Amino acid sequence: MNGLIRFSMNKVAAMVILIALLVAGGLYSTATLKMETIPDISFPVVMIQTSYPAPPMDVMDEVTKPIEDKIANIQGLDTLSSTSSDNISSVVVQFKQGYDVKEKKTELEGLLQEVALPAGASTPKVLTFGFSSQPAYYLTLYAGEGMSQMELNKLYEDSIKPSLEGVNGIDHVNSIGVSSTSLDILLDADALSVFNLSAVEVTSAIQSALTDGAVGSVELDGKSQMARVTGDLNSIYGLRNLEFATSTGQTVLLQDLGDVQAVNESKFIARYNNQPALGIRLYKMSEANAVDFSNEVNTVLADWETKQPAVTFQKIYDGADEVRKSISGILKEGFIGIALASLMILLFLRNIRMTLIVLVSIPLSILITLIMMSSMNITLNIMTLGGMFIAIGRIVDDSIVVIENIYSNLEKAQERGESVIIMATRQVSMAITSSTLVTAGVFLPLAVVGGIVGQMFRPFALTVSCALLASLVVALTVIPMMTKLLVLRSRKQIKQNEHAHDGKVTRLYERILVWCLSNRIKTLLMSLVMLVVTMAITIPNLAVNFLPSSGPEKLVFFQVKYPYETSLESNDMQSQEIEKMLLDAKDSQGGALFTFVESLVGYADSDDTVPYTTSLTAEISEAEDATLVLNNYVELIKNQLPQGTEVTGEMASGGGGLNGGSFSYVLKGDDQQLLEQGAALVKGKMKEFPELTKITDTLSDAKTEISITVSQTKARELGLNPAEVRDSVRMWLAEQRLGDIRFDNVLYSTVVKLRDEDKGSLEKLGKMPISSPTAGIVYLQEVAKVEEVQAPAALSRESRSQVVKMSATIDAADQTEVSTRVAAALDAIELPTGVSTEIQGVSEDIAESFTQLFMAMAVSIAIVYFILVLCFGNASTPFAILFSLPLAIIGGLLGLLVTNESINITSLIGFMMLIGIVVTNAIVLLDRAQQLRHEGFSVRHALVEAGRVRLRPIIMTAGATIVAMIPLAMGTGEGVLISKGLAVVVIGGLITSTLLTLVVVPVVYEMLEAISNKLFRKGKGQAAPVDFNKPANLEG
C-alpha cells in the first residue's frame, strides 16, 4: 500500500494521464454496454411440444408416454411433467442447476429423433424458457381508407415483414391474423359411398398424381444427365378433373366426389379497437441491446408510415420502454443520493475543497466499475444500476476516512507537507482495505447461489464488489494526490480547532463510553434485550414474500377461455361484444377508460389455432387504479359470457412474471376418476378464500367427447378389426395435409377433409363409410357404437404418474401466511382413498430461496471473519467486530416494519449487505485502538481515545451511506424491485449498528482482552482511570 500511495504523490502527471484514460474508458463502456430491464435469466427448463389430432387420452398414450419413456433417464433430470390435451402434447423437462440448457436442448432433440410416433403426429418442437424468449416488441398494423385487408396482407408479407426481419438483433417475427391461401379438397361422404371409394383411396390417388422428382441419370450422346418425372397436373381446373377408377371399372372425376375450394383466411383473427388488424410480435436475440433494437424497429416503422400513409402501426408494448424508464428512475434516485451525500460531507468537513476531493471518488469509481462490467459482459439493468447506486454511500466511505484523517493531521501539524498526507493515508490504509475487502467478500457466496435468485443477484453482487474495489484504489491514490494539489498548494491555511463545534457531541460520547466500559454486563444485557424485543415485535408482524411487488402498470391482459365446444366463429362474435364493452367504458373524468384494445381471437401463444380462446390487451387510463379496474373487468367480462367460460387478467410486468405469488396444490393417484373427485373438493375449498384469485386446474372444465366403441364380433364378421376402423375414421375426421402445391403461380397449402355437413351429428358420423376387404363399403354404425361422453379436457402427469394440479394467485401482502392457512384447510379435506397431495408454489420458492440465502449469509460471516483475522493478525479483535452484526438486525427489522415492507429476497440481500457495511465502523474504531495500544496506551485508554478520534469519520461514513440510500428507499420507480426493501434494511441497520457499535464493540473488545490476559497471564494490571480533562497523546 505504501508504494501505491507514494506513487500517486510522486507521479502526479502519470496519475492525471491514467485518470483521463479511465474516464475515457468509462464513458466508452457506458455507450457500448448492453441495456436491458433485468438480467437475462434462463430457466433450467425445456418444453417438448407435439401436435397430434386426437383426444387427450390418445395423445397421452400414443405421444406423451413414449416421449417421457425415452427421456426419463437423461442426465441431470430434476422433474418431468406433462399435459395432454386435445391435439397437443406438452412435456416439461426441468434440469438440476448447473446444467447448460442449450446443450440439454440439443441432447433432447437427438433422443426425440429415436421416438416412434404415430402417423399424423408432428415433429416434436423443443423450446427453452427465459426472459429473452419473450417478445421484445408488440404492435398491431391496420389499414386506413383506400386499402383493403387483402392488400394490407400482401404488403405486409411481401415488404413490411422482410424489413422487420432485417432489423439488427432480430431473432424471429410472429404474425397473427395474416391470411394465407389454402386449397381445401372437401369430400362428399354420400358420393364416395355411391362410387364405393374411401377417403384413403382418394387421398392416395391425389398424392400420386402430384408426385414428381428425380428418378436417376441416363447417358445421352455420351453425356450423363439427370432424369426427372413430373405430372401434368398444374392447375386447379386440372385437379378438379382428376380421374379415379372405381372397383367396377367406372371412371369418376374429383369434382364428382366433392369440391375443390381456394380459400384465403387466417388461423387467427386480430383486431385493434374493433377493426381488422394484424398482430405482430418481434423477438430479439438474447445478446441484442434492447434499446438499440427498439430504436431501429421504430425507425423502420416510421419509414413505412411515411412511404405508405394508408397503413398505421400501433405500438402495444416495447420492452425498451421499461429499460429506459427503469434506468431513468434509478439514475434520478441515484443522483439525488449523490447530492444528499455531498451535503452530509460538507456539513461535517465545512470545507468545500475537501468535499470536492471526496466527491471525485464517486464518478471516478463508477466509471472504473463500468469498465470492469464491460470486461465481464455484465449488462446495464435495474439490478446492476441499483447495485451501483446502492453502493454510492459506501463508495465515499473510504475517501471520507482518508480525507478526514489527512485533514485532522494537517490541523495538528506544525508544518504542512507531503509527508503528513502520506502518513495520514498510511494510518488508515489497513482499516479501509480490510473493511472494503470484507464488504466485497460478503457477496462472494452469491456466486454459488443457484436458481432465479443467483441469476438475478449475481450481476448485482459483482457490480457492488467492483464499485467497492474501485473506491478503495481511488481513496488510496487519487484522494492523497488531489489533497496535495488542492490543499497543500493553496494559500488558505487550515485552522486548528476548526471543528470545535463537535466538542459537545464528542464529550457526551466519551462519558457514555466510559460508563458502558465500567458496566459491561449491563451494557450487553441491554443490547440483548433490545435485540430480542425487536425480533419479538417485528417478525410476527412482517409479511414474507418471494419478491417485492413492482410499481403499478397500465397495460393489462385478459385471457378468455370459452367452453371447449366453442367454434372460432362463435368465439369471434362474443369477443367483439367484449371489445365494444371495453371501448365504451368511461373513466372517472369522462374519458375513455381503455385507451386501446387489441384482440387476438383463437390465439394462445402458439402456432396452432385454439378456437375457444381469445387474448385481449388493453391500456388503462392514467386517471384510474389499474389493479382495481383489472379485477372489476374480469368479473364484468365473465358475467357477460356463457356459463363455464374462464376469464383471467394480469398486469404487464417487466419482471417477467416474477412478482406474482402463486399457490399450487397437486393431487397424485392412479385412478383418473378419483383424481377428478378430489380436485372438485379442493377447488371448492380454495374458492372460499378471497385472497386466492385466478383459480385454475389442469383438468379445466370437463368437455364432451365422441366415443366410438368397436364391437370385436361385428367387425370380425365384416372382415375388419378395431385398428382398421380407427384408421379409417381418422382419415375421415382429420385433415390430411398434402403439403404446399403451386398452381397458376400461387402456392397453396393443400388439405383433404370431409365436408362439415357430413360429420355434424352423431347420426352422420354413424353413416361414415368404411372400406372392408370382404364386405365392400360398410357404415361405422354397423361395427361400432357412436355416442357423446364426458371427458377431461387435459390429462397431467408428473414423474410419469397422473396428477391434477390446482393453481391460484395470492393477492395479499403476506403471501406465506395465506399459503400456510390455505394449505392447512386443504389438508383437512377427506380425499378419496389412493389420492395423495403435495403443496407447490410461493411457499416452496420462498423456502428454497431463503435457505440458499441464509447459507450464503453464514458463509459471508465466515469470509468476513477470515479476512479480519488476516488483517488484524489475531482472532479476538475480529471476534469483537462481529458483535456489530446482531446490532444491525434491530434497525433492519424495525425499518421493514415502519415502511410496511415484507421480508423477501431483496430485503435479505440487504441484510447480507449489512454484514459487510456495519463491520466497517467497528474496523475503523478498533484499528485505531490497536495502533494506540502498540504505542503504549492501556486497553481502556486506547478505546476511549480511538472513539474520540474516529467518532466523526464513523458518523460521516454512516451518514453518507444512509442519506445516499434515502431516495432509493422512498423510490416508486421501476428500480423498486431491487432498491426499496434493500435500502430500507441498510438504512435501519446502519442507524442502530452505528449507534450501538460505538459502545458495544469496545465493551466486547475489553472483555475479550481481559479474558485473554487472565488466560495467558499477559495482563499488565488494571488500566488507570482516564483523565478527560487532559487529552491523550495521539501522535505517532
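Note that Cβ sites are derived from N, Cα and C of the backbone, with glycine treated the same way.
What you are looking at is a predicted structure, and each value in this text was computed from that prediction instead of being measured.
Feature list (source: TrEMBL):
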TRANSMEM  330-349  transmembrane segment
TRANSMEM  356-376  transmembrane segment
TRANSMEM  382-407  transmembrane segment
TRANSMEM  428-454  transmembrane segment
TRANSMEM  460-487  transmembrane segment
TRANSMEM  524-547  transmembrane segment
TRANSMEM  853-872  transmembrane segment
TRANSMEM  879-899  transmembrane segment
TRANSMEM  905-926  transmembrane segment
TRANSMEM  951-970  transmembrane segment
TRANSMEM  982-1008  transmembrane segment
Problem - Any contact, the transmembrane segment (428-454) to the transmembrane segment (356-376), with at least 3 Cβ pairs under 8 A - result: no
Problem - Interface present between the transmembrane segment (460-487) and the transmembrane segment (853-872) (three or more C-beta pairs under 8 A) - result: no
Exercise for the section: Would you kindly check 330-349, 356-376, 524-547, 951-970, 982-1008 and say which stretch has the most C-beta pairs under 8 angstroms to the transmembrane segment (382-407)? Expected result: 951-970
Handout entry: Residues of the parent chain within Cβ reach of the transmembrane segment (879-899), under 8 Å, 6 or more residues beyond its termini
Key = 527, 530-531, 534-535, 537-539, 541-542, 861, 864-865, 868, 907, 910-911, 914-915, 918-919, 921-923, 926, 969, 981, 984-993, 996-997, 1000-1001, 1004-1005, 1008
Handout entry: For the transmembrane segment (330-349), distant same-chain residues with Cβ under 8 A (at least six beyond the ends)
Key = 355, 358-359, 362, 382, 385-386, 388-389, 392-393, 396, 400, 403-404, 407, 952, 955-956, 959-961, 963-968, 971, 973-975, 979
Fill in the blank from the handout: Of the listed stretches 356-376, 524-547, 951-970, the one with the highest count of C-beta pairs below 8 angstroms to the transmembrane segment (982-1008) is 951-970
Handout entry: Long-range Cβ neighbours of the transmembrane segment (460-487) (under 8 Å; 6 or more residues past either end)
Key = 1, 4-5, 7-9, 12, 15, 19, 353-354, 356-358, 360-361, 364-366, 368-369, 372-373, 376, 378, 383-384, 386-388, 390-391, 394-399, 401-403, 406, 410, 418, 421-422, 425, 429, 432-433, 436, 439-440, 443-444, 446-447, 494, 909, 913, 978
